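Asks: One structure, pasted below without further comment.
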């Protein structure tokens, strides 16, 4: 408007133009957008000998409208002729995965120029980095409290509930990964949803997004409080463990948690300077290693206690600790409350829905991000379920009705004290990354 059209050449670097290279002319147009556009267009040549060239896209309003129009048009062309870098020209034969790769690559370009919710460009993650992120978010110190949950539910209800929650967690993960890239059937716009809340806004609308936003932020706040308290308890437990070792198990080793909460908060102020989840790969890997470490320690100590029972007590009792119905209570109301609390602990120990789409955004393609995310989710849920069954089962078999709320901080074990200290230190390091 107000002058001749701006010509922005795009240098050809291969036989066919690739979608990411269209980023340069779009960025050029955006730099000039301050002049004001009533319309904009772009012409793409050299697509294929089978496709009539050039293909021209015109769109009124902003550059973002043009970007969306080109995206839709190029995916339509790809349905018949895929001629971008890394693909052969296949007439009328394009797999769903190939279309997924093209769509994901293009949406990353759209994100960089202001379409699809913003981001930091193409991800480089693999199924293993995704697995590290999931494990960091899923296997928390709650794994050490599953023995208590198992004690409330018994030998049948406990394992059955773990398996049911694992199944529903995996199903929900599959559903959420499918909406990472969402095409609106009403207006044809395609959006890459980089967060759970953005997906709700995109699919269900603004009002539902507000309601969901309140629940999401409450859940994040609740999780942050739990992580802060748990980390302070673990730090205090290290000091208590040394005190019990030096002064005896009956000593009054009570210490305040306040200073430990402040220490954890100061560490999180520093850790929160990490820009986004794209930059947390190594933090997640370290945190996931820590979670496996203290899980193994909990299982090992529980198994050692079972060996002691086998040697000294089972011969006399004729059975291991625990029962089919779990811990007995004085009245039914108390039993219902304890069972509900146990179910809540199990549910909390599985969920990673709120961070699934962020993790999926870090993945590279091909293969399709959706395929990689589903594979990582399957491995993660299967692995965590095995750990949960072992930790819960070993702890319950070792302590029965006396199972503590946490195998390490509840001092079900006093010795070896250095191993208890190391396990609690691993919990703190994991929660730094999990937070």
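Numbering starts at 1 and runs along the chain as displayed.
Glycine too: its Cβ is placed from the backbone N, Cα and C atoms.
Bear in mind that TrEMBL entries carry predicted annotations, made automatically and left uncurated.
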Asks: Which residue range, 88-111, 160-183, 232-255, is the one TrEMBL calls transmembrane segment?
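Replies: Transmembrane segment, as annotated by TrEMBL, spans 160-183.
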Asks: Match it up for me: which of 312-333, 378-399 does TrEMBL list as transmembrane segment?
Replies: 378-399
Asks: Report, as numbers and ranges, every residue of the chain located at least six residues beyond the transmembrane segment (378-399) whose Cβ falls under 8 Å of a Cβ in that stretch; write 'none' if there are none.
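Replies: That would be 127, 131, 134-135, 138-139, 143-144, 146-151, 155, 158-159, 162-163, 166, 169-170, 173, 292, 295, 298-299, 302-303, 305-306, 309, 320-322, 346, 349-350, 352, 407, 412.
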